[in-house]
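Asker: According to TrEMBL, the record shows the following:
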TRANSMEM  21-43  transmembrane segment
DOMAIN    21-488  domain 'Major facilitator superfamily (MFS) profile'
TRANSMEM  63-84  transmembrane segment
TRANSMEM  96-115  transmembrane segment
TRANSMEM  127-147  transmembrane segment
TRANSMEM  159-182  transmembrane segment
TRANSMEM  205-224  transmembrane segment
TRANSMEM  330-355  transmembrane segment
TRANSMEM  367-385  transmembrane segment
TRANSMEM  397-420  transmembrane segment
TRANSMEM  432-452  transmembrane segment
TRANSMEM  464-483  transmembrane segment
């Protein structure tokens, strides 16, 4: 029955449950993007509330505080990806899936409350809850990708996983729209007392409300996460219970257990991955794949997070934030983010959804890295011109970095680790790859803060930073070309067997060569 279970999954038609799984699995990524992109306007509100008397730069939060706020959530995300990735393979995807979501919901609410109202206490408690928010976000990455890959059929698997990841785009849009609505509501309520030099006490409530509202959509999907059955692949291949896997499939997909039953109902699938994760056999078979997934994700996040932080420089050049009140300042920042999301970010996600099973993962990832690199060079090399002039061409180029990140490596680095590795290692290897990505995000954050450490960043420093990002993207393209395997159109088991069979063939050829040193090994056999 085991082989029939897997074949039935790969041959299953697109059904209602697939779309339901996209929404359920995507809500964690929705919350991740909501938190990341609501921070810029919230930092504006926090600067107005708690740094009104800053003698060096009024209303501006010090760089060390910004680095700490960003660093805590990234540290939590790294730990969450590693821990929940391992737990997903050892305990099952479903058992730990709800824990990661609940961590995100409770931490988002905790960020909003932040215990007290004095500056130090608020920032410490905010950093504390953001660390746990990162744990939940990190845990959701490997679990969501793995669950969707194991539920989907082989012909539309890429589109389904990309659709889950595209929920980030809706999270970005939702965070900006919520910020705009909250800002305008509070501005209307305090219109008589507002001025550019006065920050009402209600502003301390506004940023808390924005953070807490991000937990609502994720919280609403908690029940359905708990009702999801374990994935049939995990049950059949890791727990070796093909009969239960067939029963779970029957609950959610329009497939009868009698359609997938064989003559021997107790026959179990043979799991070829009998070696442990930490072993030379794993490194020989899957080491290059893990290296490829981890390094390309690391390089992508260096560039992607730097682009997100670079918005602060665009605000200074293109948004009039000096002579405005606290709520209008947050509104303008959120409005700019909305325009970028609608024009570049969201279309990039859905281009990937449409093309990924037509073009393939590897080509899209290479194309995305290449185009991002070209755009960074176009921004960075003449930065002396862009930095001194308000230019719509610059904004178009900046938007293209997000479009080609999402119609490129930002999406594919999330998909490929969920397809390359055996079921018993799949969640763990995805977590390792994602954790390396967030390490890259940390370095990208530090690099950007270095380049903008002065009030008016030096043009030379910004040029170096942007050109470096272009070089990083080209390196990502090269690594993709050299080491990333194409997974398009093949089942998860075919991807695994191809790698393991090629490894066995290679060693068989070596053994034959040792036994018969005077007899050359046929080139056709080595090529296999």
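Glycine is no exception: its Cβ is also placed from the backbone N, Cα and C atoms.
Because the structure is a prediction, the values reported are computed rather than measured.
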Asker: With the transmembrane segment (432-452) as the reference, find which of 21-43, 63-84, 127-147, 159-182, 397-420 contributes the most Cβ pairs under 8 Å.
Answerer: 63-84
Asker: Who are the long-range neighbours of the transmembrane segment (21-43) in its own chain, taking Cβ under 8 Å and residues 6 or more past its ends?
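Answerer: Residues 61, 66, 69-70, 73, 100-101, 104-105, 108, 130, 133, 136-137, 140-141, 143-144, 147-148, 151, 160, 163-172, 174-176, 178-179, 183, 207, 210-211, 214-215, 217-218, 220-221, 224-225, 228, 308, 311-312, 315, 329-331, 333-334, 337, 341.
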Asker: Sequence-remote contacts (6 or more beyond its ends) of the transmembrane segment (205-224), Cβ cut-off under 8 Å?
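Answerer: Apart from its flanks, the transmembrane segment (205-224) reaches 20, 23-24, 27-28, 30-31, 34-35, 38, 41-42, 45-46, 49, 98, 101-102, 104-106, 108-109, 111-114, 171, 174-175, 178-179, 182-183, 186, 327, 330.
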Asker: Which residues, given as numbers and ranges, are at least 6 beyond the ends of the transmembrane segment (397-420) yet have a Cβ under 8 Å from it?
Answerer: 141-142, 145-146, 148-149, 157-158, 161-162, 165-166, 169, 286, 289, 293, 296-297, 300, 303-304, 307, 310, 314, 340, 343-345, 347-349, 351-352, 355-356, 361-362, 364-365, 367-369, 371-372, 375-376, 378-379, 426, 429-430, 433-434, 437, 476, 480, 484-485, 487, 492, 495-496, 499
Asker: Please give the sequence-distant neighbours of the transmembrane segment (367-385): residues at least 6 beyond its ends with Cβ less than 8 Å from one of its Cβ atoms.
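Answerer: Here the qualifying positions are 299-300, 303, 391, 394, 397-398, 400-401, 404-405, 407-410, 412, 459, 462-467, 469-474, 476-477, 480.
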